[in-house]
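> Right, I'll just put the structure down here and ask away after.
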Amino acid sequence: MPALVLLGAQWGDEGKGKATDLLGGSVDYVVRYQGGNNAGHTVVVGDQKYALHLLPSGILSPGCTPVIGNGVVVDPSVLLSELSGLNERGVDTSKLLISGNAHIITPYNVTVDKVTERFLGKRKIGTTGRGIGPTYADKINRVGIRVQDLYDESILTQKVEAALDVKNQVLTKLYNRRAIAVDQVVEELLGYAAKIEPYVADTVLVLNQALEDDKVVLFEGGQGTLLDIDHGTYPFVTSSNPTAGGACTGAGVGPTKISRVIGILKAYTTRVGAGPFPTELFDEDGEALRRIGGERGVTTGRDRRCGWFDAVIARYATRVNGLTDFFLTKLDVLTGWEEIPVCVAYEIDGKRVEELPYSQSDFHHAKPVYETLPGWSEDITSAKSFSDLPKNAQNYVKALEEMSGAPISAIGVGPGRDETIEINSFL
Ligand code: GDP
Ligand code: IMO
Ligand code: MG
């Protein structure tokens, strides 16, 4: 059976949590392959609302095994509090598997993230302050701490020493902060070891065996295509690869195993943190999208920047991810606008540009070229099939599909599991 990837086609917060949860009941494994608790995935099940940061959204589907892959960065304190929060609400989390090769977000990584942002001042990225970038930097610098290191005190101590050697120089001499004591960090990390141990597994082996056994594996991306360290709006990105290729490296599954790549696409655009955003609105339309769409960050509580749909970005997401389908979310939020502008191209230095420019400077001053589509006023939240949608909503979806380069196989008309129109089955 196939492996599917489900990922954000824009700047994150497209509704990946809801989409993953929807499929969770029909798949055997849901795997996070990158990122960490910078993610905020909201899942609404009946009258219950869950905000997941590190755990895969499949954790809410009883038949499904949730997996934290090797490409994820794990803050052990967040992991344990998220697990106990779910347990208190009656969710069984005992099936969770965590890769022994996943890297640990240490307390000093969180400190470095915050201090670096403060030091950057006006040039800051607007990170979530969760230690994501510094932890991936340690991984690449080969001074990272992995989950498996928690089970060898001597190795752990040596690695923390090596990591803090340089960091303490930087913290004390450059940032004027107090040095971090090795013993204290080691003690804190060892305190988590026994609690995490039951979940630690060779997830690469488990997942490949599952695929051999015809099980269905769903890879759930965090963040989104434009936040990808390689393909996003660098440097205003996260420090991992949310794009489809990241699922292979971040879970240890070969590309030949992946048969479907689903891009989650919001019917308009949002972004949290700094960086270019051509269709951003600073007027009452932007304010209305934020209010109606509830566009406030799940992780940091920051207001999300809002703007019209950008087809240039959607086409780009189709290309860099090899998308086979889109899941269009939050169409209901657009109800009530008489006309809805959609960005079909950019104008850069007086020239019309149809594709995302590779040059950062060009993208920073790209102006959106809009086409205006007629809106609808009917409530669509109870629509169950495409034909239940008002004609203008149908036309909006069809226009987006044509511009974006992949079929729209599902449409979200509300936050709940059942507030979804399925056009083509994903499984
Ligand atoms: P994620 O990070 O991609 O999982 O997305 P978030 O959870 O951060 O943000 C998406 C928000 O939109 C959440 O509050 C969801 O409950 C909500 N949502 C998802 N799909 C829909 C939809 O089709 N319509 C509406 N109105 N809300 C949705
Ligand atoms: P989900 O999975 C939206 C943004 C931050 C910042 C940049 C780098 O809910 O879609 P980081 O802490 O990762 O180093 O911050 O990336 N960012 C997100 N924006 N949704 C997310 O996750 C995000 N995770 C990180 O706001 O601009
Ligand atoms: Mg989110």
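Including glycine, each Cβ sits where the backbone N, Cα and C put it.
Pulled these features from TrEMBL for this protein:
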ACT_SITE  D13  active site, proton acceptor
ACT_SITE  H41  active site, proton donor
ACT_SITE  K139  active site
BINDING   12-18, 40-42, R304, 330-332, 412-414  GTP binding site
BINDING   D13, G40  Mg(2+) binding site
BINDING   D13, E14, G15, K16, N38, A39, G40, H41, T128, R142, Q223, T238, R302  IMP binding site
BINDING   V298, T299, T300, G301, R302, D303, R304  substrate binding site
> Including all protein chains shown, what's the count of other C-beta atoms within 10 A of the C-beta of R304 (substrate binding site)?
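A 10 Å sphere around the Cβ of R304 (substrate binding site) contains 20 other Cβ atoms.
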> Should any of the recorded positions G12, D13, G15, H41, K139, Q223 have a Cα within 10 Å of the Cα of G301 (substrate binding site), which are they?
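Within 10 Å Cα-Cα: none.
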> Identify, among the binding-site residues G12, G15, G40, G301, the residue whose Cβ has the fewest other Cβ atoms within 10 Å in this structure.
G301
> Closest to T300 (substrate binding site): which of the binding-site residues G12, N38, L331, going by Cα position?
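The smallest Cα gap between T300 (substrate binding site) and any of the binding-site residues is with N38.
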> Please report the Cα separation of H41 (active site, proton donor) and T299 (substrate binding site) in Å, rounded to an integer.
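Between the alpha carbons of H41 (active site, proton donor) and T299 (substrate binding site) there are 9 Å.
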> Give the sequence-ordered set of same-chain residues, not counting V298, T299, T300, G301, R302, D303, R304, with Cβ within 8 Å of the centre of the Cβ atoms defining the substrate site.
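Checked against the 8 Å cutoff, the neighbours are G40, V272, R296, G297.
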> What subset of the binding-site residues K18, T42, V298, T299, V413 lies within 10 angstroms of Q223 (IMP binding site) at the C-alpha level?
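Among K18, T42, V298, T299, V413, not one has a Cα sitting within 10 Å of that of Q223 (IMP binding site).
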> What subset of the binding-site residues T128, V298, R302, D303, R304 lies within 10 angstroms of T42 (GTP binding site), using C-alpha positions?
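Cα within 10 Å of T42 (GTP binding site): V298.
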> Around ligand 2, within a Cβ distance of under 6 Å, which of the binding-site residues T128, Q223, T300, G301, D303 show up?
T128, Q223
> Taking DSSP as the reference, which of helix, strand or coil describes T128 (IMP binding site)?
coil
> Filtering N38, K139, Q223, R302, L331, V413 (recorded positions) by proximity to ligand 3: which pass a Cβ cutoff of under 6 Å to any of its atoms?
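So the answer is none.
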